[in-house]
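Notes follow the structure.
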Amino acid sequence: MEKHDCKLHHTTQVSILNQVIETGLFINLRRKLHSLFMINVDHPMTVVYYKSMTARIREEIRHLANYRWMIHPYSLFALYWEFFIFIIYTAQFVTLAIVSAKHVYFRRPTAMVLWKISLDYIMTIDIIKTFITGYYDPQENKTVLHPPLIARRYLRTYFVLDLIVCLHTYLVPIRIIFNDYEVFENNTFVLAVTLKGFIGFRILRMKRWLDALELFRLYANLSSVLNRAFRAVLLFVMLVLYLYIIIFQIEEMIEKNFIPIEDRDWNKQLMKCFYSATLMLLHVSYGDKTISHPLKVIVSLIFMAVGYCLQLFLYTLILQVWVKFSNARSKNESLFQQFTEYLKYKDLPMSLRKKFFAFYQFRFQNQFYNEAHINRMISIILRQEILVYVTKNHVQRVEFFQDLPDHVLRKIVSKLKSEVYLANDVIIKAGVAGTCMFFIYFGTVAIYTYAGREICHLEDGAHFGEIALIYNEPRVATVVAVTPCELFVLNRSDFLDVLKPFPEIQDKIVKLAEERLRTTVFQG
């Protein structure tokens, strides 16, 4: 069997874009820019929800045909934008901590305040971008790109939160325009304090920050243990910065409401602000000066307690990292390393090593689990329900399975076994006796006649080899995997055992098998 020359490149993203964008100025540039907004296999989540090339092509066609100007959530633009927002989000927390400290002692806007305004305006752009970016609906198992549905979901979830944390920034340019900044600040004190208080709600968007960090780990294929340690340190730093912001905001309110102007410390340095706050969070002391006001004493005691809890949280994260290092996933990584060394010791050819690694990566996608152990743990009924859910739609597409009673269909499905094939693997070969049929869970295969002429491609949800369920004859066609495939296999013996009580169904299948056999032989 010669290496298969895949003809699916005619239906790739580029050709689809060429058909949609075929005229106008800067056509190549427009195609490249548009491809950034379409589903892309380089996005780590694409292979999770769209495992096969066929599924991705269908999604591209649906996107271009119905929602051309929307951004797909698994596009390169969406991926890089999340990385960018991760940096902006981190920079915002650092900036907010500095600005909050300076606001306690400085009256007029500084360069740092203007930098904060710029970051908030970037987040405003992100709000607009969210309205034109789809999302994956796990309940429907599909990507939603319909604008009204996207807007409704965002308005019900994070829109108000994303907006109110930036409202204080929207007032700053107006305040700068006024000649008397302090007069304007005093006249709008209640509003300004209220809006500044909303800044703290930004912590509620921490999940998006963590999701972006996980996306980067998957995109860069980083070690899960090292990533967890790095994530723990970053999360601790972000929480400390958040507490800095809260401390400085409370101090500002105390300074403005309860301490006379002549008693305020206008000359305190910025670093000393962070020094005092850090000592407080480490539950050591307030700082380098004695606390005079009772409210400051209460605030100090409260944040000493919070700092103690934060340290416990850090210790918990460290313990989780250690457990992660010693759990089953780490054991699998260790076994993987052992197997790598074993391949080297046996001096196997590099092509065979690469094939093994490709299979390992495709099968588990960095999510290691012992499927046999899981199947032993769960009940037979639950295992059958899982298998029925995964395979029922594929099995029912077969013409002679469509009218089967549900209990018979369940029995057939329970006999299926999963097999994985890599690109260019020969699944069945013409001339070899067949004993089973195949259902394509996902992937693409090429069908060849006995003479070696390519007939067609079969993709997700298709089936082949059903003649072998009836006849103990040599295969009349060769099937080669074009892309990595996961197939479900049904053996003849299992199939006949299930159908023994249903001779009429068996007769129907025999007739269909005879017709398929005549067609294939004629094409050969």
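Just so it is clear, glycine is given a Cβ too, placed from its N, Cα and C backbone atoms.
Residues or ranges marked as domain 'Cyclic nucleotide-binding' by TrEMBL: 400-516.
Residues or ranges marked as transmembrane segment by TrEMBL: 78-101 (among others). Sequence-distant contacts of the transmembrane segment (78-101) (same chain, at least 6 residues past either end, Cβ-Cβ under 8 Å): 37, 40, 42-44, 71-72, 112-113, 115-116, 119-120, 122-123, 126, 129, 133, 199, 202, 205, 208-209, 211-213, 215-216, 219, 234, 238, 241-242, 244-245, 248-249, 252, 270, 273-274, 277.
Residues or ranges marked as transmembrane segment in TrEMBL: 113-136 (among others). Away from its own ends, the transmembrane segment (113-136) comes close to residues 45, 49, 67, 69-74, 78, 81, 85, 88, 91-92, 95-96, 99, 102, 142-145, 147, 150-151, 153-154, 158-159, 162-163, 165-166, 169-170, 172-173 of its chain (Cβ-Cβ under 8 Å, at least six residues beyond either end).
Look at TrEMBL and you will find 156-177 (among others) tagged as transmembrane segment.
The transmembrane segment feature in TrEMBL is assigned to 189-209 (among others).
Annotated transmembrane segment per TrEMBL: 229-248 (among others), in sequence order.
Per TrEMBL, the feature transmembrane segment maps to 298-323 (among others).
The feature transmembrane segment is assigned by TrEMBL to 426-451 (among others). Long-range neighbours of the transmembrane segment (426-451) within the same chain, counting only residues 6 or more positions beyond its ends whose Cβ lies under 8 Å from a Cβ of the stretch, are 1, 4, 6, 8, 51-55, 390-391, 394-395, 398, 416, 418, 457-469, 472-493, 495, 520, 523-524.
Summarised as a single figure, the pLDDT of the domain 'Cyclic nucleotide-binding' (400-516) averages 83.
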